[in-house]
Amino acid sequence: MNDYTLALRRERRLLMLLGWVCIALLAGALYLQYVKNEDPCPLCIIQRYFFCAIGIFAFVAAGIRNWRGVWVLELLIAIAAAGGVGTAARHLSIQMNPGFSCGFDTLQPIVDSLPPAQWFPGMFKVAGLCETVYPPIFGILLPGWALIGFAVILVAVVASLWRHRRKLAS
């Protein structure tokens, strides 16, 4: 095996791990929704969409056997993670500043009209308000955990893109 193949194999393992982490985070969100009765708000649902996109892109990239395809999908992962960072930061700012709203009246019908909300309503239907603060986990609010998750994913994928940028030339 040459260095090219070994590096691609390591990258594919990282992408599989990333995909499984997204599945675990989504499973945790469903646990909080159905066991702890913490209803998701529009921004929560948007964050779920970003985690789903990251997971799908990661699993597809893990199945690709050339660097160019992996690079394109990692770029899409980075874009989704950046969108997730922005959404989670907005959600966190709403929860830390009482009296602010996520615009439930305008956001809720848009989020609920997306096709996945019709196909999987238990996962993607809005049922709560963004300003509702649920008990923190280890002292961090739920949007804070999402922000940490998106930021770690973004840093890991951007570092990977930077580290392997020369492989695209070959």
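Cβ atoms here come from the backbone N, Cα and C positions, even for glycine.
Topology check against Swiss-Prot: Arg13 and Arg68 carry an identical topological domain name and occupy the same side of the membrane. The disulfide partner of Cys41, as annotated in Swiss-Prot and taken from the candidates Cys44, Cys52, is Cys44. Secondary structure of the topological domain 'Cytoplasmic' (65-71) per DSSP (helix as H, G, I; strand as E, B; remaining residues coil): 5 helix, 0 strand, 2 coil. Taking the disulfide-bonded residues Cys41, Cys44, Cys130 in turn, the residue surrounded by the fewest other Cβ atoms inside 10 Å of its Cβ turns out to be Cys130.
Taking CA atoms as the reference points, Cys44 (disulfide bond) and Cys130 (disulfide bond) are 8 Å apart. A gap of 5 Å separates the Cα atoms of Cys130 (disulfide bond) and Cys41 (disulfide bond).
Within the chain carrying the transmembrane segment (50-64), a Cβ under 8 angstroms from the stretch's Cβ atoms is held by residues 12-13, 15-16, 18-19, 22-23, 25-26, 70, 73-74, 76-77, 80-81, 83-84, 87, 116, 149-150, 153, all 6 or more beyond its ends.
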